[in-house]
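Heads up: the structure comes next, in structure tokens.
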Amino acid sequence: MWRHGERCVILAVAAVTLVAAAAAVGGERRTYIVHMSRSAKPNDFVEHGEWYAASLQSVSDAATVLYTYDTLVHGYSARLTRAEAEALESQPGVLLVNPEMRYELHTTRTPEFLGLDRTDALFPQSNTGSDVIVGVLDTGVWPERPSYDDAGLGPVPAGWKGKCEEGNDFNASACNKKLIGARFFLTGYEAAKGPVDTSKESRSPRDNDGHGTHTSSTAAGSAVRGADLLGYAAGTAKGMAPHARVATYKVCWVGGCFSSDILKAMEVAVNDGVDVLSLSLGGGTADYYRDSIAVGAYSAMERGIFVSCSAGNAGPGSATLSNGAPWITTVGAGTLDRDFPAHVVLGNGKNYSGVSLYSGKQLPTTPIPFIYAGNASNSSMGALCMSGSLIPEKVAGKIVLCDRGTNARVQKGFVVKDAGGAGMVLANTAANGEELVADAHVLPGAGVGQKAGDTMRAYALSDPNPTASIVFAGTQVGIQPSPVVAAFSSRGPNTVTPGILKPDLIAPGVNILAAWSGSVGPSGLAGDSRRVGFNIISGTSMSCPHVSGLAALLRAAHQDWSPAAIRSALMTTSYNGYPNGNGILDVATGLPATPLDVGAGHVDPSKAVDPGLVYDIAAADYVDFLCAINYGPMQIAALTKHTTDACSGNRTYAVTALNYPSFSVTFPATGGTEKHTRTVTNVGQPGTYKVTASAAAGSTPVTVSVEPSTLTFTKSGEKQSYTVSFAAAAMPSGTNGFGRLVWSSDHHVVSSPIAVTWT
């Protein structure tokens, strides 16, 4: 569940983890998802459901079916002991028996920053955008928010099959022509965790957390004038696709998001008729056939549905991303050109810039006593301002310097306030470096980077009478450089398939203003009695729905485009540098970001609508990819539902043949050669494209040759293929090199990132 917590590098949304539910020992039961071969049903059974129930009864007298799955996968979920699961897996017709996994959430100015303040001019087909439906799997929705106002929208699209489910504090009348569907899924959750506590959260689609309302309104919220958070970021708030419809599917609860519920929700959403699926949740890495999001997304892709997922908040370390399947668009996070500065002025005259969303009674204009929390506690963890760790007599009336980490950032302010402190400075440690994320503190408080924090600690410990003051500077726009890559944004390489470069791209994910739940305050903490209509939070949870909404715009403008074509358009038109020619910076290092950090770059929707060329991928191409990574018949069938042997012994399969809009090249330490093939489809005017390509590791070039080097298109829809050959000398294992391959015509630039790794 979303919290302003700190685990590893976590910002305003919860950590990215993929953990198995409690390990089954002895006779303990846990949920398993059973993948069945639909065509293997014996004739003795009329319905597949009867067969599923009989297969379950053959190994267990006590187990019952939780869900049956009929669209995205064939099979069911049930609570089993480990022995029962193993017995079931050996039965005829059973493909795989996967243990359920627990997923967690990855958690106003954005349209202008992305050039979407003139949506109708950029997307003249946007009047058809009201036919596009964005399905959001998250914590539900707060339907009363004006972001779901349906003024000006016509009838609900005729093919829509969804509904508005009733439950605690939620009536069917909550839906309208904007919010056209709201459902909730908790059978798997309650089987694992027990009944939902309705005193803490609604057993209905209602969002008591805020995360789901924030993500769905970011993707497709209606325009709302006068939006702000406590006076910050004032202006008009609207989603990326403000004319699109929204359908929400609540799959996340206080105890997390469980794969049996997620898979069922994805199946229902597909059957309801969504065009885009947005999932700001995920976990670590797992084989695609064991990852329910990847399994569900595959079948959604087959039906022409674009699936966007967050990369995760486990950066800046390498190989930290989740949702890396090639049929998913994986989104990292960058900053906006907007900030919320706060200045900490020490008694020695030194001034340090930080950030804050505090709105309330200000501190005195004259400096007041300043103390480091580590000197105001008897606890070994006192510097972290943990609950009950501060000595009131030492902090009363003072500004307290707290170290960031372990407990929630805003919660530290509660601790300081409860101990009688007047204000707080939240100082980063090495784990967070210079990354700053604004928080709606409950007392005068500001966050500062590690360097400023180190200096302030030294001052508080050495000066006999340390003092400080905090000055809040409101909202500032035009901050440069922007965007920069958020340190928390999870990075490649893709550990399941290193030959597929992930993330695909980045989008705004830091300090994003969007609609919020009426159940909790802006901090999300139980003690926060404030209520706001909009909130500012950060995470790849926020960048994902930006891309989901942009995909909805592209779907409206190009109704014949496949999900792969939409992703290609977003990727090949992304930018990876600033107007001055310098590369987009990574806030974690202060150096230019690499394709392992940003993929193709930062999304640029004004160019994506007319990309010139696209790299299209059909479902059969993904099957060839699965053959290339040596998946067996059972594993492929679990993903694709095709039970025949998909991989021919007469063919050679290669990951390098998947028609992806990026290049990930792997060499042994001794160097070598690698060849990739690609096919591009002309979706623009006739023209001739010429190629440039290069890559290097440090000062050592990687030879990149393209054949042919010129492609000529005479009509729309025409396809042309080319081959890229990479050759590299020996380099130490672990070395990376980067570059780009660019096709340019008189009217278009089609750019692909290159990442080279020596293993």
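Just so you know, glycine gets a Cβ as well, placed from its N, Cα and C.
Per TrEMBL, the features are as follows:
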ACT_SITE  D138  active site, charge relay system
ACT_SITE  H211  active site, charge relay system
ACT_SITE  S541  active site, charge relay system
COMPBIAS  198-212  compositional bias 'Basic and acidic residues'
DOMAIN    31-106  domain 'Inhibitor I9'
DOMAIN    129-577  domain 'Peptidase S8/S53'
DOMAIN    389-455  domain 'PA'
DOMAIN    658-756  domain 'Subtilisin-like protease fibronectin type-III'
REGION    195-220  region 'Disordered'
SIGNAL    1-24  signal peptide
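Features per TrEMBL, on structure.
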{"residue": "D138", "record": "active site, charge relay system", "CB count, 10 Å": "30"}
{"residue": "H211", "record": "active site, charge relay system", "CB count, 10 Å": "31"}
{"residue": "S541", "record": "active site, charge relay system", "CB count, 10 Å": "35"}
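Cβ atoms under 8 Å from those of the compositional bias 'Basic and acidic residues' (198-212) belong to residues 1-2, 13, 105, 107, 136, 138-143, 164-170, 174, 182-184, 186, 248, 250, 252-254, 280, 516-517, 519-520, 524, 535, 537, 541 of the same chain, restricted to positions at least 6 beyond its ends. For the pair S541 (active site, charge relay system) and H211 (active site, charge relay system), the C-alpha distance works out to 8 angstrom. Per-residue pLDDT, averaged across the domain 'Subtilisin-like protease fibronectin type-III' (658-756), gives 96.
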